[in-house]
Amino acid sequence: MADRNLRDLLAPWVAGLPARELREMTLDSRVAAAGDLFVAVVGHQADGRRYIPQAIAQGVAAIIAEAKDEATDGEIREMHGVPVVYLNQLNERLSALAGRFYHEPSENMRLVAVTGTNGKTTTTQLLAQWSQLLGETSAVMGTVGNGLLGKVIPTENTTGSAVDVQHVLASLVAQGATFGAMEVSSHGLVQHRVAALKFAASVFTNLSRDHLDYHGDMAHYEAAKWMLYSTHHHGQAIVNADDEVGRRWLASLPDAVAVSMEGHINPNCHGRWLKAEAVEYHDRGATIRFASSWGDGEIESRLMGAFNVSNLLLALATLLALGYPLTNLLKTAARLQPVCGRMEVFTAPGKPTVVVDYAHTPDALEKALQAARLHCAGKLWCVFGCGGDRDKGKRPLMGAIAEEFADIVVVTDDNPRTEEPRAIINDILAGMLDAGQVRVMEGRTEAVTNAIMQAKDNDVVLIAGKGHEDYQIVGTQRLDYSDRVTAARLLGVIA
């Protein structure tokens, strides 16, 4: 379908269409231009069919719209000389449509999906870094942004729309990408945004409380994640056997690679496996000895904490499953860099060690604090808040975790959005046994500054919740703010 025309694009579903050339594909009538294909989907907030007249006025070449029902699937109408094709269950078909439009980019690179509550960003970054060290031209897609390694452009969502995903992949292929590592969110799976992608491998990191404002309960959240393996072309399956959900899934995925730090591996049951034999944590990171069905080895890592060792082992197992030689992986492992805003360490002589992390769920906060404790000779500080207009149930849980695992807790704002900041803080304090010992400071800049200035040089200050983000949402305003930049400025170093 070299010239991208309407007849060839819809050939698997609809016959009798004109071979009208199409310039670009868009879901947004505001940016639709002459020669484009406008796709009018029925979304959660708006019905795209209402904007068909606007798209026609802007000169689009053709329109695909959601059909009223199964009976009208494939119906073709003409409005002001523009063909309008109606398809039933358009959202479910959108990934396949966009895949055809952009010439199936996922088939022209090695694309790895990474899903799970925590660890997606670090694991995708490690996969991209490591594969590039082995000669690939690697790209990432996810929370931090999309692009070739080192040229990432920030994005709004972990997983973009079905059209965005295929468009970005096509752009990456055009730039020469041969390997891609992509974060896949539960929203993205439920909303069919990656439905037609051909993954070479799919990685599951872990599952813990998050997004229950969207999914309702943990059962539905787990079901959303499981879709990657049950309804998608998942390729090689790599699963964290230390996670209870992961162990359950491994029973249904007999060909999966089981990965463990805690001994949850039975070589007689798991044909392919990788497990940590010994891990030594030190001020520079960790030394990891491992065994696997591919052979044994040792890695010096600059990453902090046990959960990052798990992320590293998942990345290693994935690349082994894809056929990269163990000897080459071991030779290049020491060159892997820490990930921006993910247990990122800032140090300066005579100042406390500051760690900036994206932890914004109960499980992630606990793991971040446990990781920081491994590298802390003095007091462990925790500065954090919770996002407004999001799952309120996790707030007291995170308060309890901070109180249990940190020596000094500073509760502040995260992204309060349209909620009253003090109300969010009170929800956090409600989970604590002795809230009177907690330091409360609403302004995040002031809270971070106060903690770093008061901490001693052998203390560790964990600033949790925002990680790589360079903004704060207050009300409906997006304000410039970065934990990384604030910490670096106070320590007199460069972020």
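Cβ coordinates are placed from backbone N, Cα and C, and glycine is handled just like the others.
Annotation note: ASN118 (ATP binding site) sits in a coil segment as assigned by DSSP. The ATP binding site annotation in Swiss-Prot covers GLY116, THR117, ASN118, GLY119, LYS120, THR121, THR122, and the record cites sequence analysis as its basis.
Look at Swiss-Prot and you will find LYS225 tagged as N6-carboxylysine. Cβ neighbours of LYS225 (N6-carboxylysine) (same chain, under 8 Å, six or more residues apart in sequence): THR115, GLY116, SER186, LEU189, PHE204, LEU207, VAL245.
Annotation comment: Swiss-Prot describes ARG390, ASP414, ASN415, PRO416, ARG417, GLY465, GLU469 as meso-2,6-diaminopimelate binding site. Within 10 Å of the Cβ of ARG417 (meso-2,6-diaminopimelate binding site) there are 17 other Cβ atoms, across all protein chains. Under the DSSP three-state reduction, ARG417 (meso-2,6-diaminopimelate binding site) is assigned to strand.
Taken from Swiss-Prot, the feature motif 'Meso-diaminopimelate recognition motif' applies to 414-417. On the 0 to 100 pLDDT scale, the motif 'Meso-diaminopimelate recognition motif' (414-417) averages 98 in the predicted structure.
With every protein chain in view, the residue among the binding-site residues ASP414, GLU469 whose Cβ has the most Cβ partners within 10 Å turns out to be ASP414. Looking only at Cα atoms, THR117 (ATP binding site) sits nearest to ARG390 among the binding-site residues ARG390, ASP414, ARG417, GLU469. Of the recorded residues, ARG417 (meso-2,6-diaminopimelate binding site) and THR122 (ATP binding site) place their C-alpha atoms 27 Å from one another.
For the pair ASN118 (ATP binding site) and ARG390 (meso-2,6-diaminopimelate binding site), the C-alpha distance works out to 17 angstrom. In terms of C-alpha distance, the listed binding-site residues ASN415, PRO416, GLY465 place GLY465 closest to GLY119 (ATP binding site). Across ARG390, ASP414, ASN415, PRO416, ARG417, GLY465, GLU469, which the record gives as binding meso-2,6-diaminopimelate, the greatest C-alpha separation is 17 Å.
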